[in-house]
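Peer 1: Got a structure for you, questions after.
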Amino acid sequence: RIMRPDDANIAGNVHGGTILKMIEEAGAIISTRHCNSQAGEPCVAALARVERTDFLSPMCIGEVANVSAEITYTSRHSVEVQVNVMSENILTGAKKVTNKATLWYVPLSLKNVNKVLEVPPIQYARKEQEDEGKKRYEEQKLDRLETKQRNGDVILPVINPEPHTVGYSQSSLIHLVGPSDCTLLGFVHGGVTMKLMDEVAGIVAARHCKTNIVTASVDAINFHEKIKKGCVITVSGRMTFTSNKSMEIEVFVDADPFVDEPRERYRAVSAFFTYVSLSKEGKPLPVPQLLTETEDEKRRFEEGKGRYLQTKAKRQAQMQQAAQQ
């Protein structure tokens with residue numbers, strides 16, 4: 001679809017959350033189609049995880065976004081979907097790849113939302129493809145478990161915070177989940193949640209550096225539990241790490257059952273977003289150093305630095321491999 005002004009920020013770049021929402025919609029369509037391709041209980045595919053997603057190139061108002069999806073692996077109860085996003089300038093015909101993403105879905109029965117159904121298998125062109133997919137499946141399964149175990153943090157307000165501290169830029173958004181946010185099962189679309197997370201992360205980044213900012217990448221997004229229609233969700237974001245030209249922001253979503261539910265607040269989604277600061281000409285700008293004050297902030301900074309260096313090393317290795325080929 002064509003990108004409209006309400007899809008973009010004040011600088012004319014399309015919000016990362018808008019693109020994430022389109023990616024998730026494509027993944028939900030293809031995985032739901034596949035899971036209903038054989039006789040059995042009707043189901044809807046629910047998003048469980050999004051692997052690291054890099055925003056390779058910005059998209060602008062007036063460009064056309066082409067989103068394509070392909071199923072690349074199936075386990076007994078989950079589907080791996082690869083999604084590519086390409087932008088097209090309809091005036092010049094120029095095209096460029098802006099995003100590549102990997103998403104994992106599980107099929108939930110329309111009759112019983114707590115029942116996970118079996119996934120029809122796919123045919124692989126080579127045995128190696130199945131083996132590689134199984135390896136990715138085991139890795140993401142382990143990472144989801146580790147992430148869920150460390151999800152106890154909350155963000156508390158800070159009185160009169162100093163500029164460039166964690167407390168100065170931290171932000172929260174409260175949203176009542178309505179029917180338009182939900183799937184046929186009455187649970188929130190993953191894309192809706194990701195769009196809200198990106199908005200909060202963008203506010204944190206803009207508060208920290210006071211410049212135009214764009215989403216550079218999103219680390220794995222883990223959907224720990226479903227969010228039901230009628231819940232009040234709190235989307236919270238805080239700065240965890242800054243390099244010379246990038247900012248890492250931790251974002252998590254907590255859900256409060258609001259209507260006829262005795263359950264207490266729970267952690268539903270968590271992820272790390274990376275942003276960069278841009279000049280009016282679209283050139284990268286230096287990012288103010290994050291001032292850490294507490295031991296927890298210093299620990300999170302070091303953990304973010306580790307993720308940053310790991311990603312940087314992977315990128316350099318990929319570039320060297322590409323150069324050799």
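Note: Cβ is positioned from N, Cα and C throughout, glycine not excepted.
These numbers come from a predicted model, not from an experiment.
Below are the features I grabbed from TrEMBL:
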ACT_SITE  Asn9  active site
ACT_SITE  Asp198  active site
COMPBIAS  296-306  compositional bias 'Basic and acidic residues'
COMPBIAS  316-325  compositional bias 'Low complexity'
DOMAIN    1-111  domain 'HotDog ACOT-type'
DOMAIN    167-281  domain 'HotDog ACOT-type'
REGION    294-325  region 'Disordered'
Peer 1: Over the domain 'HotDog ACOT-type' (167-281), work out the mean pLDDT and round it to an integer.
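Peer 2: Its mean pLDDT is 93.
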Peer 1: Return only the integer: C-alpha distance in Å from Asn9 (active site) to Asp198 (active site).
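Peer 2: One finds 12 Å between the Cα atoms of these residues.
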Peer 1: Out of Asn9, Asp198, give me whichever of these active-site residues has the highest number of other Cβ atoms within 10 Å.
Peer 2: Asp198
